[in-house]
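These come from TrEMBL:
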{"type": "BINDING", "residues": "His37, Tyr224, Tyr225", "note": "Fe cation binding site"}
Amino acid sequence: MINTLKLGFVLSLITLFVACGDSSKSSEVVNVYTHRHYKADDELFTKFTEETGIKVNIVNASADELIQRLETEGKDSNADILITVDAGRLYRAQSKDLLQPIRSKILETNIGPEFREKEGHWYGLTYRARIIAYAKDRVNPEEIKTYEDLADPKWKGKIVIRSSENVYNQSLMASIILADGEEKAKEWAEGVVANMARNPKGSDRDQVKAVASGEGDIAVVNTYYIGLLLNDENVEERKAGESVGIIFPNQDGRGTHINVSGIGVAKHAPNKENAVKLMEFLSDEKAQQTLANLNYEYPINPKATKASILKTWGDFKTDPVELYKLGEYNSRAVMIFDEAGWK
Ligand SMILES: [Fe+2]
């Protein structure tokens with residue numbers, strides 16, 4: 001497994017070098033290190049190249065691998081842009097001095113201050129809500145109002161949720177620490193662990209499928225995975241999506257936890273202008289609409305509208321915690337998960 005991963009990494013490196021060659025310093029490329037893995041992104045990169053003539057070279061790996069690689073490469077890095085699926089990793093890249101501040105009227109118009117780093121080290125691309133999905137035929141949604149409710153012993157053996165190594169859970173935990181304090185956050189994690197139907201494994205999609213198959217009754221997932229399941233070509237995936245209802249937690253209190261997928265310009269970006277152009281392109285109403293329609297994410301540009309399935313879920317109150325704090329509290333979150341025995 002590790003060898004396959006390493007091989008994949010080396011191959012993507014080769015692809016990058018073949019793709020850029022000596023032209024990486026010219027104005028016709030932008031080199032993107034991205035943790036995102038969605039069709040919508042590929043479509044947008046192609047469109048960007050069509051409109052601008054700037055070729056987009058992609059290196060795909062986990063955010064941790066990409067950050068490590070940026071550190072190792074230092075000044076010699078070809079990377080122009082880092083894209084991650086959460087604010088926590090952007091914060092980490094910024095604190096390691098791997099990003100540079102960008103000022104752009106277009107970005108500042110398209111992206112509200114709550115969705116960007118104040119000096120411009122990173123900008124949000126989309127946001128996602130981490131919601132509770134429940135088996136429609138077995139759970140009364142009136143009985144779960146908050147994330148905190150998941151620790152109630154009445155859900156013993158009912159909860160499926162992914163590993164604590166997953167950054168979406170780490171950021172959720174960071175938000176719970178910020179709202180409830182460390183002690184209560186730990187008690188919450190212990191309560192959830194005690195209620196788990198199985199040891200954490202798989203992706204968010206897998207949790208929904210585990211609810212569909214009856215392995216558990218309640219899952220914690222990002223909204224767009226429900227959208228993707230409901231619109232999948234595969235009938236089994238669609239059925240899994242249809243079998244669950246959605247709860248936006250903490251609506252009577254602080255609001256539902258959200259996180260952003262975001263972009264920053266690499267500190268030593270050889271093609272900084274192109275990097276900014278790509279960021280501006282992605283923040284534009286049209287690109288935002290593509291992300292909303294194809295990937296069921298919430299657009300950050302208010303001119304773009306939610307996908308219709310998301311509209312049917314209605315508006316919801318979001319936890320107003322500043323996104324960089326999710327990064328600040330990431331290591332505490334990981335520690336608490338460990339102490340609680342959340343695998
Ligand atoms: Fe994801």
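Cβ from N, Cα, C; glycine included.
Predicted, not measured: the structure shown is a model, and the values here were computed from it.
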Other C-beta atoms within 10 angstroms of the C-beta of Tyr225 (Fe cation binding site) total 21
Check His37 (Fe cation binding site) against DSSP and tell me helix, strand or coil, would you? coil
Check: same-chain CB within 8 A of Fe cation site center, minus His37, Tyr224, Tyr225: Tyr38, Asp204, Arg205, Asn222, Leu228, Asn295, Tyr296, Glu297
Please report the DSSP secondary structure of Tyr224 (Fe cation binding site), reduced to three states. helix
Using a 10 Å cut-off on CB atoms, tell me which of the binding-site residues His37, Tyr224 is the least crowded. His37
